[in-house]
Amino acid sequence: MAVLLLGAVLLVAQPQVVPSRPTTVVTEPPGQPSQQELLRKVATLADDHLPDSAAPNGSARQLPQTIIIGVRKGGTRALLEMLSLHPDVAAAENEVHFFDWEEHYSHGLGWYLSQMPLSSPHQLTVEKTPAYFTSPKVPARVHSMNPAIRLLLILRDPSERVLSDYTQVFYNHVQKRKPYPSIEEVLVRDGRLNVDYKALNRSLYHVHMQNWLRFFPLHHIHIVDGDQLIRDPFPEIQKVERFLKLSPQIHPSNFYFNKTKGFYCLRDSGRDRCLHESKGRAHPHVDPKLLNKLHEYFHEPNKKFFELVGRTFDWH
């Protein structure tokens, strides 16, 4: 029965031809089950076959009602940890990579559901995979699962994000005792900015945002200012609570500045915790002339992004 119902839902959830600009939310005809209701039935049936899927208090796995879609090195882990302070949020611990990895996507919604945490009926299930934002095929797949889903996108100054991107890859190589070129070597080719460098492409926010707006209206995507989240997290988290229609349960007392680490850490029920040591690493020194080239490169793309979302950010 579960297999038949899953097949029926997948037929309902096939990607539709969509316009090239933001869509509106389409409601189901009166008396007809919504797509999300069908998905919940699939979730319930699939959950019966999952190990340790149910708990005595009635909690169960649910498909996410919210996804943090990116951006890589934008602060997605910090955002998820801060959001997890809310008692009505259940967060998947690891990046799931369901919609962008073919091997995972081929397993279907049942597998995706199995990656979600146990949650109570009143809780909001959240997962985060920062690669979703820049993957062209992901928006259509997320829309097929749930066109009414609420999306969180956290962005930083594109130039700073590039440097963070490089820093992570550099340290990954160092830990494996493998050589990696300097920041100048990857950013410059034949005396010009290397536009083929993947980290640059990830920071062209307007290109990727246009792809998401083909499937979701702008009011379904909340943009978190990653630079502000670092400097003063509480106001940004307040905005996220309002967007997700959560009661205000996160307070300024949940944050404290760690002078040793140089960024805010969390305080939850008297327990202090900070992000992993891999977060907040110092960026490599970059020649000011090269940094200016980077800023100039993103000047026009940033303007296009501001126009697209009707909002400006304090970026170079």
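Glycine too: its Cβ is placed from the backbone N, Cα and C atoms.
From a predicted model like this one, the values you see are computed outputs, not experimental measurements.
The active site, for sulfotransferase activity annotation in TrEMBL covers Lys73. Here TrEMBL flags Lys73, Gly74, Gly75, Thr76, Arg77, Arg156, Ser164, Tyr264, Lys279, Gly280, Arg281, Ala282, His283 as 3'-phosphoadenylyl sulfate binding site. Taken from TrEMBL, the feature disulfide bond covers Cys265-Cys274. Annotation comment: TrEMBL describes 64-303 as domain 'Sulfotransferase'. As annotated by TrEMBL, signal peptide applies to 1-20.
Feature map: annotations from TrEMBL on the structure.
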residue	record	contacts (Cβ under 8 Å, 6+ apart)
Lys73	active site, for sulfotransferase activity	Pro130, Arg156, Arg161, Ser164, Asp165, Gln168
Gly75	3'-phosphoadenylyl sulfate binding site	Ile154, Arg156, Val224, Gly226, Leu229, Ile230
Cys265	disulfide bond	Phe255, Tyr256, Phe257, Asn258, Asp272, Arg273, Cys274, Leu275
His283	3'-phosphoadenylyl sulfate binding site	Glu160, Leu163, Ser164, Tyr166, Thr167
Would you count the other CB atoms within 10 A of the CB of Arg77 (3'-phosphoadenylyl sulfate binding site), including those on all shown protein chains?
18
Counting across all protein chains shown, how many other Cβ atoms sit within 10 Å of the Cβ of Cys274 (disulfide bond)?
16
